[in-house]
Amino acid sequence: MKYFTKFDSKAVADLLIEKALFYKTNSRVDLNKGSGKRIGCIFLNPSLRTRASTQIAALNLGMEPIVMNMDKEGWALEMKEGAVMNKGTVEHIKDAAAVLGSYFDILAIRAFPSLTNKQEDIEDFIFNQFVKYSGVPVISLESAIRHPLQSLADMITIQEQWKGTKKPKVVLTWAPHIKAIPHAVANSFTEWALGCGHELTITHPQDYHLDPQFTKGAKIELDQHKALEDADFVYVKNWSGFNDYGKIVTTDSAWMLTEKHLKHAKNAKVMHCLPVRRNLELSDEILDGKRSIIQQQAENRIYAAQAVISQILG
Ligand code: CP
């Protein structure tokens with residue numbers, strides 16, 4: 001494996017899940033595997049979980065992680081090919097990425113979307129510039145359109161939690177938010193849940209359809225109460241408009257999950273990638289109750305990253 005940027009296949013997902021679960025009970029077993037190697041974790045945007053869990057994962061494999069907050073500590077990057085750099089940008093991505101590639105054995109990049117330039121975001125332009133010019137293996141720490149380490153942790157969590165014999169019913173539900181939020185977590189969760197063979201229903205208000213390249217194969221049910229009936233796992237996430245790109249179309253609080261919403265899903269477990277805005281996206285009642293498996297998801301971020309880095313190390 002050279003790149004970890006999206007869902008590859010069920011076989012690869014199963015391998016990574018198995019590996020992650022092994023590391024969860026044997027976290028330091030491969031302490032020599034990455035000895036003498038460095039991973040550069042490059043953040044163009046804020047993070048808590050991804051930043052800490054990726055460093056811990058690398059340390060568990062004996063690697064040296066170095067974190068750079070490029071948005072605050074690096075030079076302002078120019079992304080456009082052939083740009084005349086006579087404005088605010090100081091360094092071209094092709095120079096910066098090549099330098100970073102020469103310093104590190106693996107690069108891990110977080111680059112959020114603009115939510116203003118739809119075409120550039122869909123092409124994952126900034127993230128792919130790092131892939132193009134760094135010349136080393138690259139791990140996505142969340143790009144404009146995907147968050148695969150989060151999704152792998154989510155699949156690990158579902159596998160740990162699910163004790164049934166049939167396939168679980170998994171529901172991705174939109175939640176209200178006051179800010180325009182990227183589509184990456186919702187896209188990626190959809191991609192991985194479908195790829196791993198889960199029965200997936202997506203529910204959201206009118207005008208919040210996700211990019212169809214991700215939702216093909218999922219059931220779309222715009223009636224949230226209907227969608228939630230008999231759910232085994234409910235993944236809560238806000239995203240902004242895709243057709244009306246990056247726009248907040250509604251903040252209707254009726255979409256915020258409470259116990260009342262789950263009266264016909266008595267065993268449903270509730271998931272969220274975090275950070276979560278309490279009592280806006282999700283109620284205290286759910287987050288602090290027995291259904292919530294958010295902390296397990298967050299813990300599994302370490303082992304998801306460890307499995308991926310280990311696989312890249314070979
Ligand atoms: N879920 C997640 O990626 O969290 P951070 O943004 O804090 O890394």
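Glycine residues also receive a Cβ, built from the backbone N, Cα and C atoms like all the rest.
For reference, TrEMBL has these:
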- 14-160: domain 'Aspartate/ornithine carbamoyltransferase carbamoyl-P binding' (DOMAIN)
- Ser47, Leu48, Arg49, Thr50, Trp75, Arg110, His147, Pro148, Leu149, Gln150, Cys273, Leu274, Arg301: carbamoyl phosphate binding site (BINDING)
- Glu142, His177, Lys237, Arg277: N(2)-succinyl-L-ornithine binding site (BINDING)
- 185-310: domain 'Aspartate/ornithine carbamoyltransferase Asp/Orn-binding' (DOMAIN)
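Structure with TrEMBL features highlighted.
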residue	record	contacts (Cβ under 8 Å, 6+ apart)
Ser47	carbamoyl phosphate binding site	Arg110, Leu141, Glu142
Arg49	carbamoyl phosphate binding site	Leu274, Ala298, Arg301
Trp75	carbamoyl phosphate binding site	Thr89, Val90, Glu91, Ala96
His147	carbamoyl phosphate binding site	Ser140, Ala184, Val185, Ser188, Cys273
Leu149	carbamoyl phosphate binding site	Phe4, Thr50, Ser53, Thr54, Ile139, Ser140, Leu141, Glu142, Arg301, Ala304, Ala305, Val308
His177	N(2)-succinyl-L-ornithine binding site	Asn238, Ile248, Thr251, Arg277, Leu280, Glu281
Lys237	N(2)-succinyl-L-ornithine binding site	Leu172, Thr173, Trp174, Ala175, Val185, Ala186, Phe189, His272, Cys273
The answer for which binding-site residues (Ser47, Arg49, Leu149, Lys237, Cys273, Arg301) have a CB under 6 A from ligand 1 is Ser47, Arg49, Cys273
Judged by other C-beta atoms within 10 Å of its C-beta, the most isolated of the binding-site residues Arg277, Arg301 is Arg277
Row Cys273 (carbamoyl phosphate binding site), column other C-beta within 10 angstroms, all chains, value 25
Per DSSP (three-state), Arg301 (carbamoyl phosphate binding site) is helix
The average per-residue pLDDT within the domain 'Aspartate/ornithine carbamoyltransferase carbamoyl-P binding' (14-160) comes out at 97
Counted with DSSP (H/G/I as helix, E/B as strand, rest coil), the domain 'Aspartate/ornithine carbamoyltransferase carbamoyl-P binding' (14-160) has 67 helix, 24 strand, 56 coil
Record-listed carbamoyl phosphate binders Ser47, Leu48, Arg49, Thr50, Trp75, Arg110, His147, Pro148, Leu149, Gln150, Cys273, Leu274, Arg301 have a maximum CA to CA distance, in Å, of 30
Simplified to three states, DSSP reports Arg277 (N(2)-succinyl-L-ornithine binding site) as coil
Simplified to three states, DSSP reports Lys237 (N(2)-succinyl-L-ornithine binding site) as strand
